[in-house]
Amino acid sequence: MEAFFNEWLWKEEYWLPPGISWLDTETKEEEGRFPRPGDLLFCLPLAVAFIALRYVFERCFADPLRKLFGVEERVRIRVVPIPKLETFYTQNTRLPSQSDVLSLGKQSSLSQRKIQTWFRHRRNQDRPSRTKKFWEATWRFVFYLASFTGGLASLINTSWFWDPSECWRDYPKQPVADAHYWYYMLEMSFYLSLLLCVSVDVKRKDFKEQVIHHIATIFLIGFSYCANFVRIGTLVMLLHDSSDIILESGKMFHYAGWTWLCDPMFIVFALVFMLTRLVVFPCRVIHTTLVLSMDFFQPFFGYYFFNTLLLVLQALHVFWAYLILRMIWKFAFMGKVERDERSDEESEADDDEEEEQEEESSWDQRKGTMNPKLASLADNCVLNNLTNQRSVSRLPKAR
């Protein structure tokens, strides 16, 4: 096994620039720590520890804070158990098609409207609670705040914090300080814990993009550590944490119903996100790794792989920036942020909730005029699906 790793995985041409061998990277004990791939194995038990710590944190700290903020649960309609519908819901799909509704109607002797209402209430019953959302936002806020504060304190006196070209001076013979080592271990363990918990966390509309983001981030942190791209890697992590602090705190205010703070927080978040992700990240970080690094070494596999991961992250930044700009457009012309365009709610939860609120009051009025106003009703439904007008401020998830 060791021979296999040495021959295929740890080959010098993968990890080091041309002309550099593993022997050249050896440092004396007094010179400091040098990254080793085996160090990353420590992240596995640390990620499990993060999950356990999160469980304790949410119940011992986040829940009392939730009560202090006044976060309350909405009353939800509990569906009457119908075995045939429940079996279809759990084993097939939560969103039955029209043909499925007709088939279920024949099996259960229920009307189409009752079946559709049952499925809508059943989906609403499974939606994550406000308590769970508040716990999750509080946990991430505390971590990002601690990580950003610690990272900034460890980097502010370094030469590469002010001049990114210093990231490559004397590369790869760059010992790693203990503070930067722990910065790396904790960040990678945290994102690994998020990836392990992605199936039980609040499922958002950008679920696939979030999974891609977590995987790319883990590979980026892991590879940059093994290849000793630690200096530029610390800058990448610091930039990402800066805007996430504002985002998660804004979510906490949103779940608490402090709407007077949501719009100002969203504007501040949008400005910080655009500055760090669309200006500083491409102009300083990516430009440094793509262009300035060539003044210190020749391209190699690690150079291309690392920059590919950075470009994947930048593509996700552009995707999320587009959604944020859509919200800014609505804010500018409608006077409020009407809906989280990205990930604050489940994809189907809001529509279910609106329909439940309007169903009983509007059904009797619509029933008598369904046929003569069918075309107008269809147009209105399309318009509602396109605009999704809401009166509650929404804050996008940026990570």
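Here the Cβ of each residue, glycine as well, is placed from N, Cα and C on the backbone.
Here the structure is a predicted model, which means the values were calculated and not measured.
What TrEMBL records for 38-57, 141-162, 182-202, 214-240, 252-273, 311-329 is transmembrane segment. What TrEMBL lists as domain 'Homeobox' is 72-129. Annotation comment: TrEMBL describes 74-130 as DNA-binding region. Per TrEMBL, domain 'TLC' is recorded for 132-333. Taken from TrEMBL, the feature region 'Disordered' applies to 342-369.
Computed over the domain 'TLC' (132-333), the whole-number mean pLDDT of the model equals 87. When DSSP labels each residue, the domain 'Homeobox' (72-129) comes out as 35 helix, 0 strand, 23 coil, counted as helix, strand and coil in that order.
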